[in-house]
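Per TrEMBL, the features are:
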| type | residues | note |
| --- | --- | --- |
| TRANSMEM | E:27-44 | transmembrane segment |
| TRANSMEM | E:50-69 | transmembrane segment |
| TRANSMEM | E:76-95 | transmembrane segment |
| TRANSMEM | E:101-123 | transmembrane segment |
| TRANSMEM | E:130-151 | transmembrane segment |
| TRANSMEM | E:186-204 | transmembrane segment |
| TRANSMEM | E:234-257 | transmembrane segment |
| TRANSMEM | E:263-285 | transmembrane segment |
| TRANSMEM | E:292-314 | transmembrane segment |
| TRANSMEM | E:320-344 | transmembrane segment |
Amino acid sequence: MRAPGSDKGVAAGDVLLAVDNVSLNFGGVKAITDVSFDIRKGEIRAIIGPNGAGKTSMLNVINGFYHPQQGRITYRGETRQKMRPYVAASQGISRTFQNVALFKGMSTLDNIMAGRTLKMRGSFFWQLFRHGPAMREEIEHRKVVEEIIDFLEIQAIRKTPVGKLPYGLQKRVELGRALAMEPDLLLLDEPMAGMNLEEKEDMSRFIIDVNNQYGTTIALIEHDIGVVMDLSDRIVVLEYGRKIADGTPDQVKSDQTVIDAYLGVPH
Amino acid sequence: MRPTEAEATMTTAAPSLSDVAPAAAAETILAVNNIEVVYDHVILVLKGVSLTVPKGGIVAILGANGAGKTTTLKAISNLLHAERGEVTKGTVEFEGQRVDKLTPNDLVRRGCIQVMEGRHCFGHLTIDENLLTGAFTRRDGNAAIKRDMDMIYDYFPRLRQRKGSMAGYTSGGEQQMCAIGRAMMSRPKMILLDEPSMGLAPQVVEEIFEIVRTLNEKEGVSFLLAEQNTNIALRYATYGYILETGRVVMDGAADALRENEDVKEFYLGVAGADRKSFRDVKSYKRRKRWLA
Amino acid sequence: QEGVYVPLFTYRTGPFAGSGIPIADGMRDYLTMLNERDGGIGGVKIVLDECETGYDTKKGLECYDAVKGKKPVIVNPWSTGITLPLIPKASVDKIPILSMAYGLSASARGDIFPWVFNPPDTYWDGLGIILRYIGQQEGGIEKLKGKKIGYIYFDGGFGKEPIPLFEQMAKDFGFELKLYPVAPGDMQNQSSQWLSVRRDRPEYMVMYGWGAMNPTAIKEAAKINYPMEKFVSIWWPGEDDIRGTDGAKGFKMINWHGIGTDFPALKDIQKHVVDKGLSKANKDKVGELLYNRGVYNSLLIAEGIAQAQKITGKKMVDGADVRRGLENINLDEARLKELGLAGFTGTLKLTCDNHNGHRSAFIQQWDGAKWVKISDPIEPMADKVKPALDAAAQDYAEKNAGWPKRTEPCDKAS
Amino acid sequence: MNLLYALFVDPWVQMGQAPDLLVQTLWEGLVSGVLYALIALGFVLIFKASGVFNFAQGIMVVFAALTLVGFYEMGVPAFLALALAVGVMFLLAVTVERVVLRPLVNQPDIILFMATFGITYVLIGLGELIFGGNPKRMITEQLYLPKGAVEFKILGGFVSLQKIDIAAAIIAAIMIAVLAFFFQKTRIGRALRAVADSHKAALSVGISLNQIWAIVWFTAGIVALVTGIMWGARSEVSFALQVIALKALPVLILGGFTSVPGAIVGGLIIGIGEKLGEFYWGPLVGGGIESWLAYFIALAFLLFRPQGLFGEKIIERI
Amino acid sequence: MFYREAGQYKTSYAADMAVFPIRQDRIGLAVILFTAFVLIPAFGNQFFLSSVMIPTLVFALAAIGLNILTGYTGLISLGTAAFMGVGAYACYKLTTWFPGVNIIVWIIASGFVSAFVGAMFGLPSLRIKGFYLVVATLAAQFFLQWCFGRIPWLVNYNTSGAIEAPERFLFGIPITGANATPESRYLVVLGVVALMTWFASNLVHGRVGRAWMAVRDMDIAAELMGIRLLTTKLLAFAVSSFYCGVSGALMVFLWYGSAEPEVFVINQSFLILFMVIIGGLGSLVGSFMGAALIYMLPIVLRLLPAALGVPIAAATVEHLQFIIVGVLIIVFLIAEPHGLARLWQTGKQKLRIWPFPY
Ligand SMILES: Nc1ncnc2c1ncn2[C@@H]1O[C@H](COP(=O)(O)OP(=O)(O)OP(=O)(O)O)[C@@H](O)[C@H]1O
Ligand SMILES: Nc1ncnc2c1ncn2[C@@H]1O[C@H](COP(=O)(O)OP(=O)(O)OP(=O)(O)O)[C@@H](O)[C@H]1O
Ligand SMILES: [Mg+2]
Ligand SMILES: [Mg+2]
C-alpha cells in the first residue's frame, strides 16, 4: 500500500478534518449539540463518552450517513454543510461499525475485495468474460487484499463465509475491509468490543501499525479506557451530545468533568 | 496457529484449581453434563462441556472468541434450535430436572432466562414495551410488573429518558441496558448473561455488575455469565470455567483463577504487578494454548 | 388395449374448473357410451385418456407432447390459448385439431388450415347471430341505427377476437359500440364495468365471458337493474353460472344444441354409463347445458372417426384418416336420427374448404329455473363474416411466412 | 389539447353532471376497498405475528368458504356448517404451526414465504379433492345475511346500496377495530409484535411462538372465512377467488405490512382510487386499467412514505 | 473420501480464483456438459426434449435472471414473467421487421429491450426497500401484461391478439416454427443458456457480483464504502431483466411457438421465484436445480401413476400432485432452508469428511 495523503498537499500535523458547530437531532432527540473539534493528519484521535453520548452519530456525520441540521465539515480543506457517503468514501474516508456490518453471505476474501470496489475500473464487458483486462485487474487487487490478509493474520479464514466467524474475527475482517479502501481517514467504532485481552492487544497492534506504516489518520471510539489512553494522541469527550473535554490523554484523564461523567474513577 | 511448547506439557484432562467442586458446596441450580453441540448437522462446536452453577452463585465462563461460550449458553436455554444447532450428546438439568427437551418458553417459565449476545432488542417496540415483553410469562398482576419497571428504570436512569423511543434507534449501550432489564422483568431464578459488558461505558459496566451482585445477594438470583472482560468477571463471580475450542480446559474458584499465572498473563494482562501498555505489544507475541 | 386413441384435454382443476368439469364429463360419457353400447366405433374400441390442463397453456402443451407419442387420432385442446400454438404443429405431426366453437376463427378456412376444425360456428358467427337477433327484436337490423350496444368481454384472446368485426358492424349498421373489458384477474370484481354500463345506458349488452366472469356479470347486471332481456351472451354460460341469482330471469344466450336427456343417445348414456357408475358426473348434471356441449364435441369426434373408417375402409384409422373423416362430416337429419340425436342439434356439413359449417343457432332464455328456447334458428351474417375470415386467414398465412400450402388432397363427398 | 381536456377536465365535468353516479362509484369503491381490506387483514395478522408473508391467505379464503358451503351441501345445517368450518380453520392453524412454522423458526422471511406457497399447493389440492373444483353458491340466506338492495333517489338519480355490502362494511369495521385494539393494547398483542420483530429475541424472553402462531393463524383463518363469505356472496365460491387475493398486495403495501388500520385505509384508498380511475379515466385508454392502477397508486404513495402509510418506520441505523 | 481437494495446490491467484477450483468439480462439469450436449439429444425422446428439457432450461435461465436480482442483490421481484414477456414481444417485433437477420441476434437483442424496461421499473428501488419494493415489480407485471393485450402494434395487428413464432433458420436448419425438430430447438436453447450461465457466473464472481452481494447483505455499509446504490441496483435490474427477456424470447420462439398475454401472468412470476428459493438464493447451480425440481416434479408425478399402471383419474392425479408438490416443498425447506444448492454442498462436505460424521 502506498502512504496515502502524501500526494494531496496535506502535511503531517495539518488539520485533515474539522467539524464546526455541528448539531444533529432526531425529532426530539438531540444526538449532537454544537460540537466542534478537528483531526490532524496522522494522529490517532479518540472519541469517548457515556452510552448514547453521540459518538457513533458523530462518525455517521463525518462519513455522510447522517446529515447534521447545523454546522460545517471541512475535509482536506474543503468545507461542506454535509458529506455524501459516496463522496466521503471516494475521498478516502472509510470505517468500521459498532455492530459488525459485514456482508454476511460473502467470504472474508470477497468482503475485503468488496472494499476495493472504488479502486476498480474494469469495464462491464470484460467482466462478462473474466479474462483479459478484467482478470488482470482482479489479480492485481487480489494481491493487495492478500497483503491485508497477511497483515491481519486472517489467512486461515480467507474462504469462510463471514457470518460464521466468531465475533472477534469478524471485527478483524471489518478492519481489513476498511483498510482495503486505502483510506486517508479511518473511522473505528468500538473495534475492540467483545474481545478478550489478547485480541485487544492484537487489535491495538494493528491500529498502531496502520497508523505508523501507512500514516493513516484514525478516529477511534472505544470504551476500554486503557486502550484509549494508550493509543490515542488526543481525545474528545462527549456527553449528552455535547463536547465536555478535548485534549491529550493525560489532560482528559485528570479532568474532573470527565471523571464524573464517564470514567467513574480516575484511571 | 501453531501450538507452543507449553501445550505439550499440559495434560489433556482439565486441571481443576480448587479441590472443592462448586456443586459440593451448595445445592445445584444448573448442571450441564458433557454436552456436545453440532451446527448444521456438520459443524461440531462443543466437544463435551460440563459445568454446574450452585444455587445463588455467580459463575463465569471465560474464553477466547469462538471458544463456544455463547453456544453453551444457548444449549442451556434451548435457543440452539433457532440456529439449526442441536445438542447431540449430554444433558442439561435445571433444578434437578432435565430441561434439554423443553422449549425456551418453558424454561423461562421455570425461571431461567438468557440475555443474548448482541442485544437483540425488539427494534420496533419502544423501550417501555421491550421491558413489558420481558414480563410475558408472569402472572402476578400489573402492579407488580409496574413496580419492577420502576426498579429497572432506577437501575438504568438512561433508559428512563429514552423510554418512549423505539429501541431500534437507541445507541448500542442503551440497547444493552434494555436487553438486561428485559430479562430481569421476568423475575427469573437464574439469568444466563452473554457478554453483558460489551459496548458499555466503563462505569455502566461496573454498575451492571453491581446490579448482578445486588440481585444475587438480595433476591438470590443465580448467574451464569459469558464474558470477555475477564478482569471484572472474575471480580464478581464466585467460580469460573475457561473454555477453549469447545472444551473446558480449566475451572476453579474465581480467586484461585485470578492468581493463576497463565490466567494472569493471557486473560488479565498483568505481567507481574504492572499492567503493560497496549502500545508495547509486540507483534510476535503468540498465545499459549492449553489444548489444540 | 387395442383401439383408436382419443386423448381428451380437460380442466377439472383451476379457476375455470366450474365450466371444465361438465364439459369433460359430457365428452367422456358419450364416448364411453359408444364403447359400452356398441363396442366402440365401427367395431373398434375408443381408448380414452384424459389429460388435465388446468386451462393452462403450459400444461396443455405438455399434454400434447405427452399424447403425441401415442398416435392420437384427434386432439381437443379446449382452450384458445392451447389451440394457437398447436395449429402450426398439427400439419407437421399429422394430428387434426378439433377446437369446437373456439380457437382461431380463421381456421375455418380448410384450404389454409387443413388440420384444424372449429365447427359449428366461429365467434364471429356468434356475433352475427346475436346482432341479427337484436335486430329482430328491434324490428329490423336497420333499426339499430343510433342505438348503443355494450360489449362486456373477457380481456383475453377470446373476448377480444370479435372486436374488429363488431366495430365494422357498428359502422355498417350505424350503432355505437361501447367496450367493457374484464381483466382475467378481475373476473369476480366487475363493479366498475357495470357502473359504466349504468352511465352509458346501452340498449343492449353482449357478453363474451368465461369461468367466474359469467356469474359475476349476471349478478352485477341484476344489481344495476339492467333489463335482462337485453343482455345476450355467447354460448358459454352454464346453468351453474346463473341458477339462484336474483333478478337473473330473462337473461339470454346463444346455443345450438338441446338441453336435457330427452334424446335416445342421452338416454343411452344414462343407461350404459351413468347407471353403471362409469361416469364422474353427478346424475342431475347429466343433460345440463355444458354437459351436452361436451356430448356435442364427442359426437363430432365419433363422426370424424366413423367417416374416416368409411372412406379408408380401415378399422384402425390414424390422425390423417380422421382429418379426412372430419372433412366429410355430414350430419343431416337422417344421420342424427340414426345416432339417436334427432332434434338435438341442427345439421352440419363440413367440407375441404369449410371446416366450420357456420351453422345457424338459436337464442335461449333463462326463466328463473331453466333455459327456454325462444327463437328459431338464426343464420350468422355470412356476408360480413366471410370477408373478415378470409382476410384473417390470409393475414395469418402471410405473417407466418412459409405457411405451407395445402397439399392434402380433397376427398369427394361420398 | 383534446387529450388534455379528456384527461384533466372532462372527468370532473362528468362527476358534476351525474353526482348520483359519483356517489355510486364512491360506494362501490368503498365496498371493494373493504373487501380488499379483509383479505389484506389476514395477511397483516400473520405478517405481524411471524414476519411471514402468507402467500396462502388467498387460498385460505377459498378453502374456508368452500368448507362452509361444502359441509352445507353434504346436508349439514348452515350454522353447524359454519361451526365446522371454524373448526377446520382451527385445525389448519394448529397443523401449520406444528408442521411448517415450528421447524422453520428463525429462518429468513423469504423462506417462510416459500413455505406458505407449499401450504397453498396443499390447500388447493385438498380443497379440490374433497369438495371438487366446481363453483358453489354461497349460502347467504341460510346464514341470515341480508339480501337485496336499498335505493335512494337522490341527486337527480338513484344510488343503490346492496345490503350484503353494507353488512360486509359493518362486519369489517368491527373486526378491524377489535383486532387493532388487540394488537396495541393487550399482552398477547405486544408479544405478537415482538415476535414479528425477531423470533430469536422473542424466544429468549420466553414468548411461546408455538402458541402465538396457532392463535394468529386461527384468527387469520376466521378472517379468511368471513372474507370468503362476503366475496362468495358477491359472485360464487370458486378457486378463481384466489386470483383476486392478489389485489390485497397493493393494499397491504400501501397501508404498511404491519398495520391493521393500514389495511383498511389502504383498502379504501385502493378501492376508491381504482374505481374512480377506471370509471372516469379508464375509457381514455380502452378500459381495464383497474388491473394495474392499484399498484401504481400504491407505488405513488410509497415514493413519499417508503414504509407505507401506517407501516413501521424502516430502521436505518448503523 | 471421494471428494477431496487434498493435494491440489494453487500456484497462482488466477488458479485460485477459478470458478471451479477443485478438480472433481471440473470433471463433474465436463460430464454434465457432455451429457447435455451429446447424450440427451442423442437418446432423449421427443417428449423428454420438448416438454421437459427445453422448458426446464428456459425456466432455469429466467431463474438465473431473477436470482441475480433477488438472490444476489436482495431485491425481491414479482415481475419476472412480465420481463420475459417484454423479451418475447420485442423479439417478435424485431424478427418480423427484419426477417433477414438471424433469429439468435434478435433473441439477444430483445434481452436489451427487456433490460431497459427492467431498469425503468427498478428506479423506485432507491427509495423503496424490502418487501415494499415488490409493489414496483407488481406494477410492472400487471402494467406490462396489460400492454401486451392492449397495444395491437405489438402483435402486428393480429386478430387473434397472439404472436406466432415464424419459421427461422440457423445454418439452414429450422429452429423455430412447426418444422423445427425438438433436437435442434433443444440444442439452440441449451447453447444460449450455457453461454449466458457462463457470463452470469463470471459476473457474480467479479467486481460487479461483489457489489451486488454487498448491497444485498448490508446496503448501508456498502454505500459508506463507496458502492453507488442506485447504479448497482439498476444494473442488477437491467441484467436480471436481460436474462428474463432472453428467456421469454426462447420460451415463445423455441418452446411454445406462440403466445398470448396470458402466458406471462403473475403465477409464472411466482413459479420462477419459487425455483430460485427452492434452488438456493444466490446460487447459479441452484437456479438449475430449482427449475428442474419445480418444473419436473409435477410432470413426474403426473406420469407416475400411468407408468406404474395405477388406474387413477387425471383430475385426481392433479389434485394429489398439488398436495405432494406442496408437501415436498415444505419438506425440502425444512431439510435445508437455503435451498437445494446448499443441500448439495452439505452433501459434498459430508463426502469430504466421510466416513466420519463431523
Ligand atoms: N437514527 C436515529 N434516530 C433516532 N435517534 C437516534 C438515531 N441515531 C442515534 N439516535 C440517538 O442519539 C443518541 C446518540 O446515539 P449514538 O449512537 O451516537 O450514541 P453513542 O455515543 O455511539 O453510544 P454507545 O456508546 O452506546 O454506542 C442516542 O440517544 C440515540 O438513541
Ligand atoms: N449458527 C452457527 N452456524 C455454524 N457455526 C456456528 C454458528 N454459531 C456459532 N458457530 C461457530 O461455533 C463456534 C463457537 O461460537 P460461539 O458463538 O459459541 O463462541 P463464543 O465463545 O461465544 O465467541 P465470542 O466471544 O466471539 O462471542 C465458532 O467457531 C462459531 O464460528
Ligand atoms: Mg455507538
Ligand atoms: Mg459469544
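Keep in mind that glycine also has a Cβ here, set from the backbone N, Cα and C atoms.
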Maximum Cβ pairs under 8 Å to the transmembrane segment (E:101-123) - stretch from the list E:50-69, E:76-95, E:292-314: E:76-95
Cβ pairs under 8 Å between the transmembrane segment (E:186-204) and the transmembrane segment (E:130-151), at least three: no
The transmembrane segment (E:320-344) and the transmembrane segment (E:263-285) contact flag, 3+ Cβ pairs under 8 angstroms: yes
Stretch among E:130-151, E:263-285, E:292-314 sharing the most Cβ pairs under 8 Å with the transmembrane segment (E:234-257): E:263-285
Residue numbers, six or more beyond the limits of the transmembrane segment (E:50-69), whose CB comes under 8 Å of its CB atoms: 40, 44, 75, 77, 80, 83-84, 182, 185-186, 189-190, 192-193, 196-197, 200, 203-204, 212, 236-237, 239-244, 246-248, 250-251, 254-255, 271-273, 275-276, 279, 281-284, 286-288, 290-292, 294-296, 299
Recorded stretch, among E:130-151, E:263-285, E:292-314, maximising Cβ pairs under 8 Å relative to the transmembrane segment (E:76-95): E:130-151
Surrounding residues of the transmembrane segment (E:292-314) on its own chain - C-beta under 8 Å, 6+ positions past either end: 51-52, 55-56, 59-60, 271, 274-275, 278-279, 320-321, 324-325, 328, 332, 340
